[in-house]
Every structure is written in structure tokens, then in C-alpha cells.
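Here's the structure, in C-alpha cells; my notes come after.
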Amino acid sequence: MLSKELLAALNEQMNQEYFAAHAYMAMAAYCDKESYDGFANFYIEQAKEERFHGKKIYDYINDRGEHAILDTIKAPKVEFSSILETFKDSLAQERDVTQRFYNLSELARNDKDYATISFLNWFLDEQVEEESTFETHIDYLTRIGDDCNTLYLYEKELAARSFNEQ
């Protein structure tokens, strides 16, 4: 059985994952509007991954005999000045998520809830990958600058990204 505090925090994180998916779809919409189809695809696939994360938490809560509670998803930011801004915002969002998982892990440790600690370790590993991915994209986009040819090739690479639930 999950403690009330841990259950509330898991429900909050589940909803945060669905918000992240919503935010990534807003970024995809910006990219589509600006005719950056490859970047739009990247964010659509990123949104799928966040929905998968939300569902993973949903399933865990229910598997523990508790009730997953879906909340209202607030409207995400929809205006951006550049592709680089979307990636910087994404990195900030992922860093916030990482901190949330650290806090969840601390709650689980305090509760001596070893099953939840084990469950959360998957997310902590995932967050290392997420932050690294966005840092790499930011570095690359910064180096590209206004080089349209290189940006075009980079976008083509991102157009091939697809999320695989594993």
C-alpha cells in the first residue's frame, strides 16, 4: 500500500507527464507552422514517449491497488521565437521532471517502499538520457547557427525518429 503522500506525488507526476506530452505537441505545432517537418516529427514522437511515461505511472498506481487520478492539463506555451528556443524549453522541462523524480525517490525511501524505489529507478535512468539528448540538440543547433543547409540535413535526421515502447 502506498502512503497518502507518495500516492499524491505519484498522481501529480503522472499528470506532469501528460502535461509534458501536451507541451511537446505545442512545440510540434510551432515546428509544423514554421515548415520544420523533421523537428515537428521529433516533438510528436517525444509526446508519445511522455504519454507512455504517464501510462506507466498510471499502471503502477493501479497495480498497487490505488486509484490513479487524472487532473486538468494546463495549456502549454505555444509561441516560440526559434527551434533553439523549443529545445531550451524542453531541457528546462526535463530538468524539472528529473527533480520531481528525485523528490519521489526520497519520499519512497522515507516510506521504505522498496517496490516504488525500484519502479522509480527506471525513470531516473530515463531522465539521464532525456537531459543528455536535449543538451546534445542544443549544442548542435547552436553550432549550426544560420547554416540552412546543415539545418536541413539535421532536420531530415530528426524526421526519422520514432518512439519504441521498451
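Any Cβ shown, glycine's included, is placed from N, Cα and C.
Quick look at what Swiss-Prot lists:
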DOMAIN    2-145  domain 'Ferritin-like diiron'
BINDING   Glu17, Glu50, His53  Fe cation 1 binding site
BINDING   Glu50, Glu94, Gln127  Fe cation 2 binding site
Here the 10 Å Cβ neighbour count for Glu50 (Fe cation 1 binding site) comes out at 23
Using DSSP three-state counts, the residues of the domain 'Ferritin-like diiron' (2-145) come to 116 helix, 0 strand, 28 coil
Excluding Glu17, Glu50, His53 themselves, the Fe cation 1 site's Cβ centre has within 8 Å the residues Gln16, Tyr18, Ala20, Ala21, Glu49, Arg51, Phe52, Gly54, Lys56, Ile57
In all the protein chains shown, the tally of other Cβ atoms within 10 Å of the Cβ of His53 (Fe cation 1 binding site) is 23
Given the Fe cation 2 site Glu50, Glu94, Gln127, its other Cβ neighbours within 8 Å of the Cβ centroid, in chain order, are Ala20, His53, Gln93, Val97, Thr98, Glu126, Glu130, Glu131
CB neighbours within 10 A of Gln127 (Fe cation 2 binding site), counting all protein chains shown, number 19
